[in-house]
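Peer 1: Please find one structure pasted underneath; my questions will follow.
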Amino acid sequence: MSLRIVFLGSPTFAVLPLERLVADSRYQVVGVVTQPDRPAGRGKMPVATPVKQAALRLGLPVLTPETLRDPAAVADLADLRPDVGVVAAYGEILRRDVLAIPPLGYVNIHPSLLPLYRGPSPVAGAILNGDAETGVTIMVIEAKMDAGPILAQRVVPLPPDARTGSLTRELFAIGADMLLETLDAYATGAITPHPQDHARATFTKLLSREDGIIDWSQPALRIERMTRAYDPWPGATTTWRGAPLKIIAARVRSDRHSDAPPGTLLDTAEGLAVATGDGLLVLETVQPAGKRPLPAADWRRGVRLTGGERLGG
């Protein structure tokens, strides 16, 4: 008899785990819970989440409550009679009344090696800190965020050029593979959840636009990591002549220094660079406001820089 699953997820990278569950005869996805349609694009027309679009394509029942704090939404979820819930970036912390619905609780795909990087921005956190490795954790959800016992983990090398968007997709693809075997083993009692070492826990926060604003007095290494950690959101941003400028890609020259104030644009043999608090940051790709990304050299030729101009000033 197939295990009855309710799937909770919203963004693009949560679609693959859903598709893999539907394709596996051991599991029966009895319903999908995702965020409501939100206005998007220039016309601000309501747009369904990628998970909702996938669920409709797969012929699955879909619930889109504004919040699972709504008693009616909780009742609708209970009516699905799931044995277990699977969560992949749903977008809301589950309360105890929701957690109590499936007899086996909820299993979550978390893109870090818990207890490290609990919270909403684990991939960005690992990149920003320059970690050599990251990973995926399959865990049982408890009321406290990302603190539940662990079912499985896999270590994944963190390349020095990793960006949050692409790495998140990779980690959730790995998580989808892990989920299929872990879920069956958990349901049959073949594996036992083991508690996290809470003393080792580290935490991340929901990123805001302000997090992406570059402080040029920081080291070049830190700023370069920002360009990758904050891709696609919120981006590593500064201003030039009063207008926003996003730094898409750059490289660090920690062996090169300048007496110019942080943020000063410098022509170097390696290209357009910026003075920082420690080392030079050579710009590779930038995006002016309202325009597409372009090579920094092309931007440099088009804007007619004058000597001593500064970013962020």
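The backbone N, Cα and C atoms fix where each Cβ goes, glycine too.
According to Swiss-Prot:
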- Ser112, Leu113, Leu114, Pro115: (6S)-5,6,7,8-tetrahydrofolate binding site (BINDING)
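Please go over these features one by one and say how buried each is and what sits next to it.
Peer 2: Sequence-distant neighbours of Ser112 ((6S)-5,6,7,8-tetrahydrofolate binding site) (same chain, six or more apart, CB under 8 Å from its CB) are Arg118, Pro122, Val123, Gly125, Ala126, Thr134, Gly135, Val136, Thr137, listed in sequence order.
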Peer 1: By the count of other Cβ atoms within 10 Å, pick out the sparsest of the binding-site residues Leu113, Leu114.
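Peer 2: Relative to the other binding-site residues in Leu113, Leu114, Leu113 has the fewest Cβ atoms within 10 Å.
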Peer 1: If the (6S)-5,6,7,8-tetrahydrofolate site is taken as the center of the Cβ atoms of Ser112, Leu113, Leu114, Pro115, which further residues of that chain fall within 8 Å of it by their Cβ?
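Peer 2: Surrounding the site, in chain order, are His110, Leu116, Tyr117, Arg118, Pro122, Gly135, Thr137, Asp146, Gln153, Gln196.
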Peer 1: Output, ordered by sequence, the same-chain residues six or more apart from Pro115 ((6S)-5,6,7,8-tetrahydrofolate binding site) with a CB under 8 Å from its CB, or 'none'.
Peer 2: Asp146, Ala147, Gln196, Asp197, His198, Arg200, Ala201, Thr202
